[in-house]
Amino acid sequence: MEEGSMFRSLLAILQWWGFNVTVIIMNKWIFQKLDFKFPLSVSCVHFICSSIGAYIVIKVLKLKPLIVVDPEDRWRRIFPMSFVFCINIVLGNVSLRYIPVSFMQTIKSFTPATTVVLQWLVWRKYFDWRIWASLVPIVGGILLTSVTELSFNMFGFCAALFGCLATSTKTILAESLLHGYKFDSINTVYYMAPFATMILGIPALLLEGNGILSWFDAHPSPWSALIIIFSSGVLAFCLNFSIFYVIHSTTAVTFNVAGNLKVAVAVMVSWLIFRNPISYMNAVGCGITLVGCTFYGYVRHMLSQQAPGTPRTPRTPRSKMELLPLVNNDKLEGKV
């Protein structure tokens, strides 16, 4: 790799890490330090900021060409994706409210396992035995981390776990519903974020509206807090833009390794800020999970490079749909 190309790849990865970790920490700060315990509203703010940001990038600044989607396909294909996407983001924010960032990020690493199992159960897809073997350390690491988590909360754990299922469902739907459209992360946000805002707006208003008014009256500096909340939404959009940049600057293997290292960075930074207790065995479980995720990505890459005619494991396209975080999960990863 040329020196200039290597520098661009490193820069892309670092800015991706920066935006991702900052969004995660800001969301946790909003729930824990600002006492703004309204995950639906936080998610809605992110969707609104992302809708505006995508419109500016595509329509005003014209930094990305608009991918034209048939009006019928917007409701038949994009809307179902937006619904699952919305659930995924909300569950990520709900889990952040109840469990530490380190635990949530480790659980989200369970997504490869849920994706493979769902594809096997729903579509009866064949997977090479090496794929199944690579899931063993992921599952084992998650179990060890969960058993030894000192700040375990069942509601937050379930929210993060179902978030993995939502991410996997989104991945599978992307493969079936979005064939024929070569979406990038910005166009994906352009079409999906407005739908997600529409889906989430009324529930957020009905379920959290009164609570927000009470919080606004009780908080010593609500306007400063609101600036932080909306800033997290702006950064969530910037994270989507950074994903587009990093995808085009790195290889699939580099992206996979960098993604797992990013989780480790997020865990370390969150511990330095929030000082949530982490036991030795808990850290070991997190490490095993990340190593398993890296091994899983390597196995899928190697199988995808097999010569034509060789039995291969079905490969879910590494579409930008899988890399939308809009909250905190950009493995489809996705998150905010």
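Any Cβ shown, glycine's included, is placed from N, Cα and C.
Unlike curated records, TrEMBL annotations are generated automatically.
According to TrEMBL, the protein has these features:
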type	residues	note
TRANSMEM	6-26	transmembrane segment
DOMAIN	10-296	domain 'Sugar phosphate transporter'
TRANSMEM	38-58	transmembrane segment
TRANSMEM	78-99	transmembrane segment
TRANSMEM	129-148	transmembrane segment
TRANSMEM	154-177	transmembrane segment
TRANSMEM	189-206	transmembrane segment
TRANSMEM	226-246	transmembrane segment
TRANSMEM	253-274	transmembrane segment
TRANSMEM	280-299	transmembrane segment
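Averaged across the domain 'Sugar phosphate transporter' (10-296), pLDDT in this predicted model comes to 89. A Cβ distance under 8 Å defines the sequence-distant neighbours of the transmembrane segment (129-148), meaning residues of its chain 6+ beyond its ends; these are 103, 106-107, 109-110, 112-113, 116, 157, 279, 281-282, 284-293, 295-296, 298-300, 303, 313. For the transmembrane segment (154-177), the most Cβ-contacting stretch among 78-99, 189-206, 226-246, 280-299 is 78-99 (pairs under 8 Å). By the Cβ criterion (under 8 Å, sequence separation of 6 or more), the transmembrane segment (38-58) is not in contact with the transmembrane segment (280-299), since fewer than 3 such pairs are found. Contact between the transmembrane segment (6-26) and the transmembrane segment (253-274) is present: at least three CB pairs lie under 8 Å, with pairs separated by 6 or more positions in sequence.
Panel annotation: around the transmembrane segment (280-299), residues 102, 106, 109-110, 112, 128, 130-131, 133-150, 252-253, 256-257, 259-261, 263-264, 267 of the same chain, lying at least six beyond its termini, place a Cβ under 8 Å from a Cβ of the stretch.
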